[in-house]
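Pulled from TrEMBL:
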type	residues	note
ACT_SITE	B:80	active site, schiff-base intermediate with D-ribose 5-phosphate
BINDING	B:23, B:152, B:213, B:234, B:235	D-ribose 5-phosphate binding site
BINDING	B:164	D-glyceraldehyde 3-phosphate binding site
DOMAIN	B:6-211	domain 'PdxS/SNZ N-terminal'
């Protein structure tokens, strides 16, 4: 069984743990950088990206997270997590982790009253996925090696760049675990390749 | 595509978990809060301790203040409407605030009826002192709760009482025999269906923060330890000696609420916290927690 960490600084942490466990992997809440060594893949959850970033800096997570990426381990960012993974942010001089080749715009669908649910199709995952968008970002541009997995109203809302998976919405707020199953499979494949 | 669904409204509060929501009265304070790592700010005309001091009727803030705060930060902005004040709530919704607090800190507009919060696209947070009050607010459509405490006192004792009470009553419902549930609903004045849902989930169906009296990092950590999903800090930050430092320390203590060495370190040399008040010194009409039912 693979072990998947959820960065537990702030946000919807326990919902991801439940989804990981329902998808046949072991979920671990990561509160300290040293814990990253224990896990085969990492989820950066939804929450407030500015808050999570501040706590990443405060507790010396930045270098360790970048190293986790360089080691080739899969990472999955949902909403705030996608913002943290992106290598370019609209209106900002510098990205956060900057490991995934996508340009992301924050709060791009509007404020909370514009937040919505919609049925979307995610390539290779589901053609009727109920997605919850909360003050959501979207991917403005995807690099050439990035596979676009889902769009909503012509905006990219889910994509994969090799070991990195990102989405604008919150799969952890529903009990549809198909996208989590997809990520668990990514983690299993990477782990078995490293042992082959 | 649907806006204003339960999932969207409750989900927004889920994203705030483990965080600190800070009261601010202008753009400058809002920026300090965001920089310190607040997950949201509450835009107000006066913090609760100043509302106490000023006396008179406390109303929704001047929309110019709310607008200024919304323009200053990218984190969500909440604002307070008076209990039962349909128009203040609609005005805040029209302005695009991200969450409305139907709050006992302001003078109630209606002593009998709270807002029918299901009618709105914008989500609401409401105060509670026990599970009955919590369930009634959820029944009316609140998407997030906060235990009331006693706002603007810098005294944590009421906040402790309320979070302990709500969580003890949740545990009781969860463990209760099904035969006893309707009687419990009657005794609490709570909708039966909600108690049933709590029993099945093993927890409240919405996020529950703690509020009303948090003045130090240790107070914030205490609330988390007692089972709050996050913390509201009203007067505690901008009535302290060094707001930026206090704000950061409270955020850190909330994240690492069981790391006592860390809390010791961040609490060193913070300066003077807000001056606290003994609850028994409050006149009955000055108790904000008794507003609403």
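For all residues, glycine too, the Cβ spot is worked out from N, Cα and C.
TrEMBL does not curate its annotations; it predicts them automatically.
Predicted, not measured: the structure shown is a model, and the values here were computed from it.
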Conformational class of residue B:235 (D-ribose 5-phosphate binding site) under the three-state DSSP mapping: helix
Segment-level pLDDT (mean, integer) for the domain 'PdxS/SNZ N-terminal' (B:6-211): 97
Maximum Cα-Cα separation in Å among residues B:23, B:152, B:213, B:234, B:235, which the record lists as binding D-ribose 5-phosphate: 13
Helix, strand or coil at residue B:164 (D-glyceraldehyde 3-phosphate binding site) [DSSP, three-state]: helix
Three-class DSSP secondary structure - residue B:23 (D-ribose 5-phosphate binding site): strand
Nonlocal neighbours by CB distance (under 8 Å) for residue B:235 (D-ribose 5-phosphate binding site), same chain, sequence gap 6 or more: B:23, B:47, B:48, B:49, B:50, B:151, B:152, B:154, B:215, B:274
Rounded Cα-Cα span from residue B:234 (D-ribose 5-phosphate binding site) to residue B:164 (D-glyceraldehyde 3-phosphate binding site), Å: 20
For the recorded positions B:80, B:164, the one whose C-beta sees the most other C-beta atoms within 10 angstroms: B:80
Separation of alpha carbons, residue B:234 (D-ribose 5-phosphate binding site) and residue B:80 (active site, schiff-base intermediate with D-ribose 5-phosphate) (Å): 12
Number of Cβ atoms other than its own within 10 Å, given for residue B:234 (D-ribose 5-phosphate binding site): 29
Cβ packing number for residue B:23 (D-ribose 5-phosphate binding site), 10 Å threshold: 29
Residue B:213 (D-ribose 5-phosphate binding site) CB neighbourhood, other CB atoms within 10 A: 29
Packing count at residue B:152 (D-ribose 5-phosphate binding site) (other Cβ atoms within 10 Å of its Cβ): 27
